[in-house]
Amino acid sequence: MSSNQYTAGAVILAAGKGTRMYSDKPKVLQPLLGEPMLRFVYRALDPLFSKAVWTVIGHGADMVRKAFCHEDREFVLQEKQLGTGHALQCAWDKVTASGIDYVLVINGDTPLVRPDSIVRLLDRTAGSGADVGFITLTLEDPAAFGRVVRRHGHVAAVIEAKDYDTAQHGPEPREINAGIYLLKVAAVSPLLPLLTNANASGEYYITDIVELAVRQGLRVEGVECGNDPDLLGVNTPAELMRSEELLRENIVTRHLHNGVHVHAAGSVRIGPDVVIEPGAVIHGPCELYGNTFVGAQAVIDSHCWVKDSRLHPGSTLRNFSHAEQAEIATGAVAGPYARLRPGAVLEQDARMGNFVEMKKAVLRKGAKASHLTYLGDADIGSEANIGAGTITCNYDGVNKHRTVIGEKAFIGSNTALVAPVSIGKQALVGAGSVITKDVEDGELAIARGRQKNLRKTRHS
C-alpha cells in the first residue's frame with residue numbers, strides 16, 4: 001500500500017501450532033466454510049498491500065505452502081517457534097529490504113478482520129506520524145488476551161494474561177490487545193534486538209515492542225475498536241465455531257439483501273467465493289462451497305451439497321443431491337438423491353433422477369436418466385433415454401474407456417454397456433443386455449440369455 005505520505009506492507013504470523021485446537025493440522029489451515037482460515041486474512045490484506053505481504057510459517061510449513069501453492073505468496077520460515085517477536089525478527093530482513101515505511105503485523109488466526117479496520121489503524125498511526133500503533137478492544141471477559149496498560153490515558157505497555165501481576169501493574173483492565181500492529185520500520189528496527197524471553201512462556205513477545213517504544217520516547221497509539229468480535233483471534237474449536245457462525249450469518253445476510261431467496265436461512269452455509277444471482281432460491285439445510293455459481297431462478301432444494309459447480313439460470317437441484325465440479329444447464333433437473341461428480345454436465349432440459357451417479361459424463365439436451373444408473377466417461381445424445389439400472393462399465397482394471405450414445409437412443413433397464421462402445425442414433429437396446437459391441441444407427445440390440453419356461457413338477 002502507498003499513499004502520498006508513506007508506503008506499507010504486511011507480515012502475517014502463521015507459524016504457531018495451535019495446541020488448543022487439538023488437531024494435527026496447523027491452526028491457520030483450520031477450515032471456515034470450506035476455506036482455510038488464513039485465506040480470509042489474505043482476502044482482507046490483498047486489496048490494501050498488493051504483493052508486499054510476507055507470511056511467517058513454522059509448524060506444518062509444508063502443509064501451508066501446499067494449501068496455497070497455486071497462489072503468489074511469499075513465505076518466511078521460522079524454524080523454531082520461539083514466540084511472536086521472534087517470528088517478526090525472522091521476517092524483518094524482507095521488510096527492510098522492501099523499502100516500505102510501515103509494516104502491518106497481524107496474526108493468521110483473525111479470519112474475520114475487515115479491510116476497513118486495517119484502514120482505520122493505518123489512518124490513526126501512519127496518517128498521524130506515530131511510530132507504533134495497535135488495535136485494542138474492551139471486553140467484559142478479557143480471558144487469555146494480552147492486557148493494555150495505560151498511564152494517564154496513554155499506552156504504557158501490553159502484558160500477556162499469564163504474566164499480569166496486579167501488584168506490579170495495577171488493577172486488571174478490560175482493554176485487550178487484538179494482536180494487530182502497525183510499526184514504523186525505521187523506528188522499530190533498533191527495538192527488535194532488545195526483545196527478551198524473560199516471561200512465563202520463555203518466548204519473545206511482539207507485545208514487548210510497545211513497552212520498549214514507550215521507554216524510548218516513541219509515539220504509540222492504541223486504536224480503540226470497541227468490542228468488535230470480528231477482530232478476535234481463533235484459538236479453540238469453540239472459537240472456530242463462533243467465527244464460522246459469524247461469517248456464515250454475514251454471507252447469508254448479504255445474499256438476502258442482494259435478492260436471493262433463502263429459506264431456513266439459519267441452516268444454510270455459503271462459502272465466501274460462491275456467486276448467487278438475485279432471484280435464485282435456496283432451501284436449507286444445504287451447503288454451497290468453492291467457486292460455485294447459482295443463476296437467477298435456479299432452485300436448490302434442502303439437504304444438498306454443492307462445490308465448484310455451475311447451476312445456470314432456471315436449473316434445479318432437488319433434495320439430498322451432491323454436486324462437485326459439475327454443471328446443470330437452464331431447465332435441467334438433477335435429483336432427488338443424485339450424485340454429480342467432477343465433469344458431470346446436464347445440458348438444457350436434461351433429467352437426472354434419483355440414485356443416478358455421473359462422472360465425466362454429459363447428458364445432452366433433453367436426455368434422461370431417471371433412476372438407479374451409473375454414467376461414467378459417457379456422452380449421452382440429445383433426447384436419449386437411459387433405463388433404470390443401466391451401467392457404463394468404463395474401467396477395465398487399468399484404463400478408463402468412453403461410452404457414446406446417440407441422440408434419441410433408448411437403453412432398456414438393467415443394461416451393462418461395456419466400454420469402449422458406441423450406441424447409434426435412435427438405436428434400441430433391450431432390457432437386461434450386456435453390450436460389448438457397437439450398435440449402429442436405428443438398430444435393435446439384444447444380448448441376454450434366452451428365456452426357457454419349464455412345467456413345474458411336484459418336487460420342483
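Please read every residue number as a count from 1 along the shown chain.
Glycine residues also receive a Cβ, built from the backbone N, Cα and C atoms like all the rest.
Keep in mind it's a predicted model, so treat the numbers as computed, not measured.
As written in Swiss-Prot, here are the features:
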BINDING   13-16, Lys27, Gln78, 83-84, Gly146, Glu160, Asn177, Asn235, Arg341, Lys359, Tyr374, Asn385  UDP-N-acetyl-alpha-D-glucosamine binding site
BINDING   Asp109, Asn235  Mg(2+) binding site
REGION    238-258  region 'Linker'
REGION    259-460  region 'N-acetyltransferase'
ACT_SITE  His371  active site, proton acceptor
BINDING   Ala388, Asn394, Tyr395, Ser413, Ala431, Arg448  acetyl-CoA binding site
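Only residues 6 or more beyond the boundaries of the region 'Linker' (238-258), in the same chain, are considered here, and those with a CB under 8 A from a CB of the stretch are 21, 30, 32-33, 37, 40, 111-112, 229-230, 232, 265, 268-272, 274, 276, 278, 282. When the alpha carbons of Gly83 (UDP-N-acetyl-alpha-D-glucosamine binding site) and Asp109 (Mg(2+) binding site) are compared, the span between them is 15 angstrom. Of all the binding-site residues listed here (Tyr374, Tyr395), the one with the fewest other CB atoms within 10 A of its own CB is Tyr395.
By a simple count of nearby Cβ atoms, those within 10 Å, the most crowded of the binding-site residues Leu13, Ala388 is Leu13. Counting in whole angstrom, Arg341 (UDP-N-acetyl-alpha-D-glucosamine binding site) lies 31 from Arg448 (acetyl-CoA binding site) by their C-alpha atoms. Across the fold, the C-alpha of Asp109 (Mg(2+) binding site) and the C-alpha of Lys27 (UDP-N-acetyl-alpha-D-glucosamine binding site) stand 7 Å from each other.
For the region 'Linker' (238-258), DSSP puts the residue distribution at 20 helix, 0 strand, 1 coil. In this structure the alpha carbons, written CA, of Ser413 (acetyl-CoA binding site) and Tyr374 (UDP-N-acetyl-alpha-D-glucosamine binding site) are 12 Å apart. Counted over every protein chain shown, other Cβ atoms within 10 Å are most numerous around His371 among the recorded positions His371, Arg448. Closest to Ala431 (acetyl-CoA binding site) by Cα-Cα distance, out of the binding-site residues Leu13, Ala15, Lys27, is Lys27. If you take every residue in the region 'Linker' (238-258) and average the pLDDT, you get 97. Under DSSP, Arg341 (UDP-N-acetyl-alpha-D-glucosamine binding site) is assigned to coil, being neither helix nor strand in the three-state scheme. Those residues noted as binding acetyl-CoA (Ala388, Asn394, Tyr395, Ser413, Ala431, Arg448) have their most widely separated CA atoms at a distance of 22 Å. Here the binding-site residues are Asn394, Ser413, and the one whose Cβ sees the fewest other Cβ atoms within 10 Å is Ser413.
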